[in-house]
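Each remark here refers to the structure printed beneath this line.
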Amino acid sequence: MEKNNNEKAVTKDEPEVKHMGIKAMPFVIGNETFEKLGTIGTSSNLLVYLTTVFNMKSITATTLVNVFNGTTNFATLLGAFLCDTYFGRYKTLGFACVASFLGMLVLTLTAAVSKLHPPSCEQNASCTDATPWQLAFLFSGLGLLVVGAGGIRPCNLAFGADQFNPNTESGKRGLASFFNWYYFTFTFAMMVSLTIIVYVQSNVSWAWGLAIPAFMMLLSCILFFMGSRIYVKVKPEGSALTSAVRVTVAALKKRRLQLPEQPWVSLFNYVPTGSINSKISHTDQFRILDKAAIITNEDKINLDGSTATPWKLCSLQEVEQVKCLLRVVPIWISTIIYYVAMVQQQTYTVFQALQSDRRLGNTGFKIPAASYIVFNMVALTIWIPIYDRLIVPALRRRTGKEGGITILQKMGFGMVLAIITMVVSAVVEEKRRSLALSHPIGIEERRGAISSMSGFWFIPQLGLIGLSEAFTAIAQVEFYYKQVPENMRSIGGSFLFVGMAMSNYFSSGLVSIVHHTSKGSSMGDWLPEDLNKGKLDYFYYMVAALEVLNFGYFIVLSRWFKYKGSDDSASEVGMENMQSQKHLV
């Protein structure tokens, strides 16, 4: 067991933690890469699968996919709670990987076995709906995927980061690099899934197209368990959320008490032996919570120094851990608004491409409208290695910070790029609509005239949002890992996915409001089926304005925010100042 700041001795019952760092990465990164290839390869074309193989109506399939995606993202909260409280990351990941593989195997069987799906519409004069037991088999596969994602998504990042020693120079640099490469694997998996796997599913066979992701998930499971002997396995400490509730209740009970002049000296500050949580200095934010650590005559203390009345007296460390969580939430809210810009590039850009010239030179081949999103991922994939290997070392030498710049600075720079993205998108849309009205080259069925503007004009905005994502999204992953208490890191990991889900819901509501309110205006509907009759560029400018307001909100929060273990809001604390003891499973 490593020593913490208090130089705790290593006992015979607690073996020393050996961080394998880079040596564990082939298993960790390999597991994550194949897991993402399997998961994304299965879900990216799910809408088409439900409508073509299970003969579902578009509205039914869309609803099912939205419910599936929403449930999957929100399941990460439950998975993170169970992981941090009861099972630990290793056991949770092992169980979730197997659940995901079984879910993909079930979906593969629904395509490969004719009795597990309805006859195709081509074989019958009319389409036959799936039988209840066929749907039950399908839903069981989707349910297993929800269970798998609920355990994998919030835990795999924290589990990978656990393999690095935060108290050594190589460990700190390896950890900073890991966050970049973690997101790189996600982008790589998206690119492969949206090209190769989707092509196999659509043009070769659904059975083979779903079998490939299932095989990838099997490889993920194998790689994960192969590294079992060298992993650092952090033991859960019980419910961190219960501790947060206790602090709140105790503070409310003592709300009429006066705070001491020197709370860091007078308040109850018991630190349990071997806690995985780092020791945090007292901060003056949310001072009302400090009252939970005021010792009164009614409070009882055990012989080992711990409180005997945890719902009346909490330690200063418990109070500061709750403060860490409260400081993260406002930043998390700002990222929900940020992702609105990303959602537009994944939805309305596709509709724009449908009414643009998608021909590839003189070959006659038309690029699928949805495939333009790949340029977003190409930009991100190219940028991450350049940033990690060239720019970060240069910035590190200049600023002395491990990441080159602070986490919040990375997030802020990405938000600025998102604003520029929406302005560029509006300018491009204005040009597309103008050419569609003056120089159309054809008609898109159920929509309208096709603009003579090349679809390649969408590359700048997609590249910009890819760079934006490389800064803000990756920084967000690192932020949640470092700024929440160690025993809540899996819950922190779930914030990313819950934030994305909330952003999708917010964006859907925004589109619906604009669509219905602009119908009765003098300019007409901004977002009609035929974009040539609308004002999509106005909508983009509105999103840009929303992003500007959000950036202002973020700047105010950044000045107020205090990094964990820091005495002021300007500096970010290195991992060497956030040491903790890690219990092995």
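Every residue, even glycine, has its Cβ placed from backbone N, Cα and C.
Residues or ranges marked as transmembrane segment in TrEMBL: 93-113, 133-152, 181-200, 206-226, 324-341, 369-387, 407-428, 456-481, 493-518, 538-556.
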Listed stretch, out of 181-200, 324-341, 407-428, 456-481, that has the most CB pairs under 8 angstroms to the transmembrane segment (369-387): 456-481
The transmembrane segment (324-341) in contact with the transmembrane segment (181-200), cutoff 8 A, at least 3 CB pairs, sep 6+: no
Folded-back contacts onto the transmembrane segment (456-481), same chain, C-beta under 8 angstroms, at least six residues removed: 157-158, 161, 176, 179-180, 182-183, 328, 331-332, 335, 338, 341-342, 345, 349, 352-353, 356, 372-373, 375-380, 383-384, 387, 403, 407-408, 410-411, 413-415, 417-418, 420-421, 424-425, 428, 431-432, 489, 492-493, 495-496, 499
